[in-house]
Structures are given as C-alpha cells and as structure tokens.
C-alpha cells in the first residue's frame, strides 16, 4: 500500500484521511500536538522545523506532502537529499513561502499581478504610496496567513514596527502592493501530477471577513466564459511555470476594470476548495493524494448546479461544544453537510465548515449560512 | 465529543470512520485483528463473543453499534445491564440473528414473506418439498451470510449433514422456504432513530453472483411508483415493528407475479447501500452514525439520476495489489470512485467497490463494471 506522509496535523491533513481510507492509501501525519485535528492518522508528534524529526518521520513513507507551507527550505532540501519524494517540492514551495519571490516569478512568467515593490525602508514605501493614490498594502514576505502579515497603510509610520524588526534582522522582508479596487475575489484550484497531467475545478467566488475566508460560491456566479477561461489559464500557467505538484490554489482579484490579477498562492488543499467534498466528483483532498502519488487525476465535474461553503468561525461562547448544537442544526437543515475539525472554540478560529449543493443558489446560500450560524461567533 | 463504539473492524466499520471524522464524532472500534480494515480507529482488539472484552471496550463510549450481527445476545444483554446504549438493541438484533424468529415476527406483522416452515427432521422437509413443487431453500437459522448457510434442495438428503449437526446439538435450527420465482432482487434501506424519525433511500436493484452481491443499480430501474412505494413501506414497517435503530437493509424479491417479498434483513450499513457514498446527499455510513446517536437524519435525495456500485471481488491472482492497477484504472475511468477495504486478495473476497453516478444508466454501468474489472477475479 502506498504511504503518504503529511507534515502538519491541521484540518487539511484531517480531511485527507477519509479520502486516503477510501482509496486504500496509507496516510501518516507528523502532527504538532497529540490532540491535533488529524490525530487519528498521526504517527509522530514533533516540530516540523527540526530536520531530524522530519527525516525520521519521512523514512517510511513513499511521498511527503503538507498541511501548510511553513516547513523551512533547509528541511525540504534535506528530505530531497535523503531521497524522499517531496510534493510540492522545495523549488515550488519557495514561491508559496516568500511573497517577494512569488511576485518576481509571476512577473517573469507574464502573469497579471498588482503593481508592487520591494521596500527596504520608509522612504521607498512613501514613494510607492505617492505613486498609488496615497494608499498601499504592505505585506511581510514570509509568515503571513489568514490576514496576518498584511496591513493597508496610508503612511510608512503604520508599519514602523515591521521596518524596525527588519532592520534589527529579526523580521521578514517587506513588500508593498497597490490597493486593488476589486469587484470580488475569486479562487482557482487546479491539481498537477509530477508527470504533468493537470485538472481544474470551476473558478469560485470567495468572500472574506476580517481577512479570513468566510464563504465560497461555486462556480463564481456569472463566471462562465471569459472569467472562467482566464482564471483557469492563469492557474494552469502558475502550476506549470512554478512546477507545482498536488493541489494549487490561486487567489485572484476580479478588478473593477475587468482584469483578473493574482493575489496569493497556496500549494495544498485550500479553504476555497472545501466545497468539492460535497459538490464535485473528485474532492480536492482526494485529488491532492492522487496528484502527489502521481496517480491519474479524477474528474472535476460538479454534482449540482451550485455549491456553497460557509466556514464555522469561532464557535459557541457559552462553553458548549459544536456537537451540542447538532440536534437543532441538523433538524432544520437536512441537506447541510457538516465538516468539523475537532478543535475547541476560540474567537475567529476555523472550527469547521458547512457545504450545501443544489440547483437554487439563493436557497443553498440561505441553508449554508443558516446552518453555520448555529455555531459561528466572530 | 460524542463517542461511538463499533463492534467489529470490517469494511463497514472502516467506512464509518470518514463520516465520523467529518461530523466531528469520535469513533472507536473493537477489531478482531490488528490489521483489520478499520484498524485506524481500533482502540481494542479482541473477541466480540467475550463479555468482559466487550464491556471493557464499551466503558468509554456513548453508544455501541456494530459492523456485523454476530455479537451474542448474552453479551448484548450484559451491555444493556451495564447501562450502555446499544443500537440496534438486542430485541431488534435478535431478528437479524435468527431467521426463524425473523420469519415468525414478520408474519405476525402481516408483512409479505415467502412460504416457510421450521423443519426439525427430514420428514418435515420432505413434506414441505412435496407441497412446493419438489424444491425448497433450506437455511440455517443462525450463522449464514453471503450465501453461506443456504442450500437449494430437491430432497432432504441434501442437508443430511445439517440435520445431523442439529440432532447432535452442535448445529443451528433449520427452516425451509419456497424457492421464489423472482424477476429480480431489490433492497430497501432506511434509517431509524431511537426517538422514531425514519428516512428512506430509493429502492435499489441488487445483482448477486454465487450468492454474493455483485452489483447495485440505484434506483431500481422502473421502480418509480408502485414498487418504490411498496418497498419503502415494507422497510418502514419492519423498522418500526422490530424497533430497529440505525440503518436497516431489507432484501426483497420482486416475484414473477409482481409481489414484493421480504428475503433477508440486515441491521447495519449494507452492501446494497454503498452507492450512497457517492450518489446520495447522505451516505448510509453517516446516516447510521446520526441514527445511533439519535441525531436528526440527513436528506436522502440522489446526486444524479443513476448510481451504480460494482463490487471488487477476489482481486489480482498474480500477487499484485489493488493499488498496482490504479494507474491503468484511474486513467481510463476518471469518474469512477474507488473504495478499497485494505484487505489482501483472496478468491471471492470483497476487497472494495467502485461507484459511478451519472445521468446515463448504460454508460455508468459500463464505467463501473470496466473499472472494477481491473481488480476482480471470481
């Protein structure tokens, strides 16, 4: 039986487990803690930054893949040097780990990105702001996720702390991007095998609250035709150009002036693809396993006209658990598919999501939001 | 987090694990062996006939349910006496364990069953055969499954060994049934909560080879209307009348003279319901967990006009593993959903199944058969 080793025991690793079981693939997880979401498949608990820990974990698996992009390049290179198959590989992951590298490479590939600049000091930032209407989005090159490491600023003083940390040598490099005036955000997921086969799901609309994904509509309403074609081609070009293996999520802006620009990349299953669990012939978690094992990819057709995913964020604040609210929620929403991550409630934390698929978009949006509202506190 | 304990570590327990993970329910399995199909969730390995083993396993779970119907009544009663919730309970399971009890009870309930008789000796059998065209189906009251414990006979001599075992006190009681002249076999699955809610999936057609389920077509072609209504009502009456909790499968004959007769019962997820994993809003495994936890049941609508399940029986005879054939199979059948049980090949053994859903029955029957044929040797 082929063995996939997943570094990181979060909800993405957790949701690979059902697909591995059904495919008859053995899955092993290197988890951060003993009570991680993917604990059922954890064969090791340890620090993914520690080379010896990761090498020991990887010794008995056929391929290593990831729940997150935070494994250091030095550890990834050590894995490859030890003969371990790593998907996505370090050369690709570099672009998901470092936003400056990513922006440079996408520009080289001729892909559409917001205006941006490396900023080594406040003067460089002020110059960029002056050229872009007095506003910009400053990002740390490394370490950001779910809105962290991102600030919309109107003066360099608003990121004084980041400049200071960088100057002191204990903070990441910084870049600034134009504040894109966008109509909505989209995400395009594709999967790519080491031997080259690619498959794309339909482009989706993602709705963020406070920088965190809140809802996904699949496909993105009104996207059939130009938007779907452009988004898919961008993601395929990124996958090919960066040599991504496994699932690639490309977060996109649909601008007010009808351009599609690349915002961020993730090289793993992604929140914007959770709808595929109940809305596509092949879920992103199954596809990721197939891709990293270099198995033929599955069909990405939809099971209904529309799918909606709503995140369960925060959870009850009265000390109750998610499951305490199941009797009421499940009784009212028999078509809602609950996906819980086995985490305890905490404000803003992603605890799970609800998927609903159907032929009436308004109806399923209502169902998914109403179902998730049983658990969600922001 | 609610904890479900499953007695038995076969493929049915295995396929409850993904649903438990997504629902955020803890699942624990008492497995027969360390390498059972449900090993990933096994918290104990032991003999389900041993009261102390089962009681120890059940101590830390909220409800006990089953991968099979073979747990002795004495053990089930001891669980209840110890205050453990058991679903389905011993009073219901009795009818899935003993075909004589089942036939008597269904007759009391006025449900349609084949002609049958208890046979304590060869003379009684000969008398029954004489009244039924010289042929009958002799069954052991206990211990039969997948065609075992069932013989079509034309003379009492053909079950001499069973009579001898019964007379010696080490064989089960025997019954004989008319050999029903049927057009096809059907199965009706329903789920019932302890508090009474019931949900039914569409009736399906099941195709047996050598007494083992080989294919399932969902819904049964041409069943809309009378057949669907009658089958569903029979299963609901059985569930209610026998007090079944969890999933109930009622195997049915559609006779040449247009009657629907009850053949067998199973009180657990069933081979005839595997199509629900990829063809229904709620799979039988999720529904079983919801039912035994007395949670509201999920919607049982279909995701496509048709679903087809084909069992993977036997497996490769050349020493190769199922996964060795994935590259060829998955490349040719991107819409086929593989479900592997983690078992090693053996002639006739159920190793997995393939589901395909779609709108063209002929096409998906072809896809599912062709996909399963990569692995199947009978």
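We number each residue from 1, going along the chain as drawn.
Placed from the backbone N, Cα and C atoms, the Cβ positions cover glycine too.
Annotated in TrEMBL:
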- B:99, B:139, B:177, B:178, B:179, B:180, B:185, B:263, B:264: ATP binding site (BINDING)
- B:103-293: domain 'ATP-grasp' (DOMAIN)
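On the structure: features taken from TrEMBL.
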| residue | record | Cβ contacts under 8 Å, 6 or more apart |
| --- | --- | --- |
| B:177 | ATP binding site | B:103, B:114, B:115, B:116, B:136, B:137, B:139 |
| B:179 | ATP binding site | B:132, B:133, B:135, B:136, B:137, B:152 |
| B:185 | ATP binding site | B:205, B:206, B:207, B:208, B:251, B:252, B:253, B:254, B:263 |
| B:264 | ATP binding site | B:99, B:250, B:251 |
Checklist line | Where the record names B:99, B:139, B:177, B:178, B:179, B:180, B:185, B:263, B:264 as binding ATP, the maximum Cα to Cα distance in Å | finding: 18
Next item on the list: Please report the DSSP secondary structure of residue B:179 (ATP binding site), reduced to three states.
Entry: coil
Check: What does DSSP assign residue B:99 (ATP binding site), in three states?
Finding: helix
Checklist line | Other CB atoms, at most 10 A from the CB of residue B:99 (ATP binding site) | finding: 25
Check: Across the domain 'ATP-grasp' (B:103-293), what does the pLDDT come to on average, as a whole number?
Finding: 95
